[in-house]
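Novice: Can you read through this structure? Questions will come right after.
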Amino acid sequence: MPASQTFTLLLHKQRHRDKRHLLLLTLGVAVAFVFSLSAGDVWLWPSQWSGEAAQLFVWQLRLPRALAVMLVGASLAVAGAVMQSLFENPLAEPGLLGVANGAGVALVLTVLLGNGLLPVAFMSLSAIAGALVMTFLLLSFARRKRLTNARLLLVGVALGIVCSAVMTWAVYFSSSLDLRQLMYWMMGGFGGVDWRQKWLVLALLPVLLWLCCQGKALNFMALGEVQARQLGLSLHLWRNLLVLAIGWLVGVSVALAGVIGFVGLVIPHMLRLSGLTNQRYLLPGCALAGAGVLLAADVVARITLLSAELPIGVVTATLGAPLFIWLLTRVKSLR
């Protein structure tokens, strides 16, 4: 068989395998979504969703929360995958590189300076601005200082620690109950999400869909600067567009649910290890897997304690930290 036919056959098999992965992930998200609507202090299975109790528990309380969880999980996972490609760092992730903390500190300072009287829309925009500033700062370090992967990771962690310290000082010196409640919320949680936050949830959707369709551009960027330019890709323009998209997704996610770590790190790596490496399929796969995993984590956060709720950030950190350590031992290119 000629080499060209062999290559075409292998490419066809790989695409078929990638599409099968996406189908399985879609089925997994559907199961997790149904389970999320059913789980809680009062369990209501699909056969009971037409009853009076379901009108409150399923359609008014759990449905908006489940939709928010899905979109935030998808956004964080896709943002993590794009950051890993953009920074050429296998351990890049919104939480680890301080982007989520940048959004958080902007939100906390807005509440502190505004005495809790500013509208929710303004606070959400401040979170987006904080995420954008942190992402552009990291990108500037990566490009101008020629930092190695390890140094960039350390810079991101250090910036995240500084942001966490600023938030802690702000809470310590504040007598505002809103700010103290906000600090608990910054641990990650969807407890206050209902239909009133639908505009924040919808704000994620167009940017998320656009980013999931940029696999071709990311594949070109992975070839290197010279090859990407030869293929007609404007690297400066695309980097700025991708940074804006990442900042938007992370900022809105933080405004909606607080800081949730490790989703953007673990999900892309798990999918790559399963053989999903083409960015055109990896990004939609990350969206589906991130939605399903965060739905499962949200159910765990809701049902673990009786009449109480764990911060979802605690659940993802408990599961993600061991996986992060394992990934550190596997990534040989981190120098």
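The backbone N, Cα and C atoms fix where each Cβ goes, glycine too.
So Swiss-Prot has the following annotated:
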- 22-42: transmembrane segment (TRANSMEM)
- 67-87: transmembrane segment (TRANSMEM)
- 94-114: transmembrane segment (TRANSMEM)
- 117-137: transmembrane segment (TRANSMEM)
- 153-173: transmembrane segment (TRANSMEM)
- 200-220: transmembrane segment (TRANSMEM)
- 243-263: transmembrane segment (TRANSMEM)
- 281-301: transmembrane segment (TRANSMEM)
- 308-328: transmembrane segment (TRANSMEM)
Novice: Please indicate, using numbers and ranges, the residues of the same chain that are 6 or more beyond the transmembrane segment (200-220) and have a C-beta under 8 Å from a C-beta there.
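Specialist: Answer is 64, 67-68, 71-72, 74-75, 78-79, 82, 85, 124, 227-228, 231, 233, 238, 242, 245-246, 248-249, 252-253, 255-256, 278-284, 287.
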Novice: With Cβ-Cβ distances below 8 Å as the criterion, list the same-chain residues six or more beyond the ends of the transmembrane segment (281-301) that contact it, or say none.
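Specialist: Residues 15, 18-19, 21-22, 25-26, 28-29, 32-33, 35-36, 39, 65-66, 69-78, 80-82, 189-190, 208, 211-215, 218, 260, 263-264, 266-268, 270-272, 309-312, 314-316, 319.
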Novice: Rank 22-42, 94-114, 117-137, 243-263 by Cβ pairs under 8 Å to the transmembrane segment (308-328) and hand me the top one.
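Specialist: Answer is 243-263, with the largest number of Cβ pairs below 8 Å.
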Novice: I'm a bit unsure how to read this: which one of 67-87, 94-114, 117-137, 153-173 has the highest number of Cβ pairs shorter than 8 Å with the transmembrane segment (22-42)?
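Specialist: Comparing 67-87, 94-114, 117-137, 153-173 against the transmembrane segment (22-42), the winner is 67-87.
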Novice: Restricting to CB pairs under 8 Å, which listed stretch, 94-114, 117-137, 153-173, 243-263, is in contact most with the transmembrane segment (67-87)?
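Specialist: Counting Cβ pairs under 8 Å, the winner is 243-263.
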